[in-house]
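Participant: Below you will find the structure I want to go over with you.
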């Protein structure tokens, strides 16, 4: 009989693991890491949110959007303008601003997704890129966004804890979404859109849903980003930023959440790790990208789907099998 | 007169976009890849010509030939080393590889030539033409003439020669082309060679017009040219030419009459509108999956 | 008795070419109807029209008296017409069980919020759907490979999975597009039994396109023959077998003795 955890136990294991990770990282920040290194954990978290959310649209829905930075910028400016202009204590306005940023980004997701998702593949990529470039140009030309001078004086409210909470919520929500009838519909569209439609899946609805949820979390990440830097410049949300996020998703493996987490962490830290070779680091980064793709085209993790409780189960099961074997052998010798 | 001036300016930049767009379009037609590194090949071409003229003191025509030759070889090498191993892989992996190659070229150039822009010398010194109150430089006229010349040559090559026929066959259906005895590998190499050579020509025209070059010059130029290719219908050669001219004119007229800051927005706006009305671009063929 | 599916004067043109014209059929519950004809006769076009992949140029389709005109493919499926594809279209990279579970989407009603918060409705409906899906796989003797990737199955099993997936949408009419293509004779014989048992068990009407005459003649109660987009004959297997027009459509022209029909091979 194979050993299986009860569902409730699984949730308990995951909760404990998340809390343990939080305290472990807090401990590292207090005693092991330098101030500078501790600060790096924040962009790592922001990029994890961006990569995991893009993976929903790219890896699970199977579309190729190249405008994630556009949604991020919408969320960033919305959240920043909200906390700047609202007479509330930052502890209240910051989470509200993040949520609002996510919602406005999601609205943009619907507005852009509805027309754009009629196109496929590279055409979808280029049209989403076009939309995100237009968002950038508009932000540059508006007054209340600070235009080309950027938006200054944003309270630096993003700290490790807020990023950690957002990362956990993002991953949890996306996981719950993917393992449901809605998630199966989204994956079915990736696998074969015509067959999905023929099995009764409203494909347009689910494409837009996947795209919108993806945009929502990009907006949250944008809000965190704005309150991390304290200043926003529309120029940073160009198509290179979208590509940077896409690279994380593909390198980690399309359709693998853990892959996105690892790739986002690695690629955010890599340039810092290569600081000693300052001049060469971007050259190394780009070469690495080509090499990984040539030798492992499906990304580091493929579509591998990590589950802590499942890993523990398989360890326990293999131990039991070994034990059973031993017992079986000793039985044999007796008879 | 101002209008005419803006139109001619638009045709100038548009014909450069068209030359570069041809490279994107041909490569996409044959390997279904948005060759992100194409814009950076322009940059390499510009540095080749600049090196030859300013550092080695070569005459302009030698420098131009050197740039074209170097880019041709570079284009073919990139295809062999980075793209060919991935021909059977998911398309997205190929795209990321192209992005990797692009970043590699940009950063290598920054390493070798520093991030500072360089001045590009004048190649043609002909008197400019008076157009009402405005001056129309000889470079402008030359750019348009040279671009049109190369487009005519390319059209001849693709439509009338054996290699052109092989290219069209391979982009229609690679497997069948192979069965008909076409060496698909050679054909793909050849396509990259032609596209890269055109990029080098575009580089020299671009640098003559804007007299400046930098490691990141290919990014925006490449993106606009790619937009032109998609607008015209990717895979279609006349489409790339028309797309390039449309983008160039739209950009020039926006800069002249509305605001130079909005020019990029207008370019992408046109792209979006065209794609929504005709999802495969102006001259593209529709591709519906058979059920 | 009213027909479950009522198709009248159906026709479609593709750029001047009449791919299908004046197609009429009434299908009753528990019937198995065969649709045969040479390649390019318009058989799959009929299926594409029935499932709203194409919108007809002429005529009407009614399922249980309700017109399907203007509906999307997924709406037609929801209202009760399911199909399989000539070139198998499975969700290859996900498990066999999940392939069937995708099709049970409309049988569940929990909302996105209920799913994300993992409320009781989620657990209850998921568990029920899983049981139903496993039962369905058992009909096709596939419960043992429920966790395998659909794309890794052998060809015949992929065809059966496609039928199971179509059944999971609770159809009233099931359209099978060349279900026996690529199967060996013993697999085909097994498939015949399965198709009959599906009909009996689920109480549905089945229309099938097939080139394998042993299957068509063996299980269809009624057969329609299409050629160049027109129905040239219809009737019982016996009538079709001896219809000279059918023989001509398949063999080009009449045999000299005019008696040889299509042999059930």
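A Cβ is built for glycine as well, from the same backbone N, Cα and C atoms used for every other residue.
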Participant: Given the ranges B:64-82, B:159-177, which one is assigned the annotation transmembrane segment in TrEMBL?
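Facilitator: Checked against TrEMBL: transmembrane segment maps to B:64-82.
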Participant: By Cβ distance under 8 Å, which residues at least 6 away from the ends of the transmembrane segment (B:64-82) in the same chain are close to it?
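Facilitator: Apart from its flanks, the transmembrane segment (B:64-82) reaches 37, 41, 44-46, 48-49, 52, 58, 97-98, 100-101, 123, 188-189, 192-193, 195-197, 199-201, 203-204.
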Participant: Cβ pairs under 8 Å with the transmembrane segment (B:135-158): which stretch of B:15-34, B:190-213, B:262-281 has the most?
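Facilitator: It is B:190-213 that shares the most Cβ pairs under 8 Å with the transmembrane segment (B:135-158).
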Participant: How about long-range neighbours of the transmembrane segment (B:225-250): same chain, 6 or more residues beyond its ends, C-beta under 8 Å?
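Facilitator: Hits for the transmembrane segment (B:225-250): 7, 10-26, 28-29, 34, 38-39, 151, 154-155, 158, 171, 202, 263, 266-268, 270-271, 274-275, 280-285.
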Participant: By a Cβ-Cβ criterion of under 8 Å, what residues six or more beyond either terminus of the transmembrane segment (B:94-115) are in contact with it?
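Facilitator: Hits for the transmembrane segment (B:94-115): 31, 33-37, 39-41, 43-44, 47, 78, 82-83, 86-87, 214-216, 218-219.
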